Amino acid sequence: MSKIIIANWKMYLSHEQALSVSKALVVFSKRVSADKKIVICPSYISFKDVVDIFRDSRVSIGAQDIFWEERGAYTGEISALDIKMLGGEYVLLGHSERRKNFNETNKMIHDKTRICLENGLIPVLCIGEDWEQKKNGQRDYVLIQQLNEVLEGISVSDSNKIIIAYEPVWAISAGGGVHASPEEVNYVQKVIRQVLLDLYDNFIINDVFKIIYGGSVTPENVKEYTDIQNISGVLVGGASVNADTFNKLIGAT
Ligand code: PEP
């Protein structure tokens, strides 16, 4: 089964650094086998230049967020229309850093998902419990609630694609850094699939949805996740901003 590897560069790199990492990766990407899909999510500042650097490669570009309206008086926001027009294909939505620092709610993420799909962009929906919730045995409840509130009322056809990224907050390197065990990730993908089965027809789920894992993925542990049969790939933060490390990680899948 082909695997997707998504790089979330967050706000880690300066514009100059983003260009230099992209130029190195475009060379490496020529040797990546066709069953691996690479997606880079740079900052908005570098977005257009990074799209240009990867233009003739098989690497796709994603945004780290978008706003839920296409145009209007929304100071500081970014339109899905512009991301699409500039060559973006994917959008990270509901990342825990946005939920925590910008009070993003499931309703906002729902609206952003809708506008992504209307513009032919592939949403990468991040869900995950924090350490307190995990400790209190609330993990499954939290994930089910996040998924239901984000996806309820979102109708899909087989031309739509949606990626669900299970990113436990405690596992993200900037917020704890204890990567989840493959057994736990395998259990959670079954919980996610059950929610999808409650919301959508069985026959469409495999066409539309992919489930991936994110949280302290490194070249050393990535294969533990990509080897899980129903996990379609990984979302990588810290280990994606250095071209050699990210290239090693891609090679290790
Ligand atoms: C992330 O924040 O999306 C992430 C996966 O980060 P890291 O790989 O650094 O844990």
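Each residue, glycine too, has its Cβ placed from N, Cα and C.
TrEMBL does not curate its annotations; it predicts them automatically.
Copied from TrEMBL, the annotated features are:
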BINDING   ASN8, TRP9, LYS10, GLY175, SER216, GLY237, GLY238  substrate binding site
ACT_SITE  HIS95  active site, electrophile
ACT_SITE  GLU167  active site, proton acceptor
So if I draw a 10 Å sphere around the Cβ of GLU167 (active site, proton acceptor), how many other Cβ atoms end up inside it?
28
Greatest C-beta neighbour count within 10 angstroms, which of the binding-site residues ASN8, SER216:
ASN8
What is the separation, in Å, between the Cα atoms of GLY238 (substrate binding site) and HIS95 (active site, electrophile)?
14
Alpha-carbon spacing, the residue listed as 'active site, electrophile' to GLU167 (active site, proton acceptor), which is rounded to whole Å:
8
Euclidean distance between Cα atoms of GLU167 (active site, proton acceptor) and ASN8 (substrate binding site), Å:
12
Which one of the binding-site residues (GLY237, GLY238) has its C-beta surrounded by the most other C-beta atoms within 10 angstroms?
GLY237
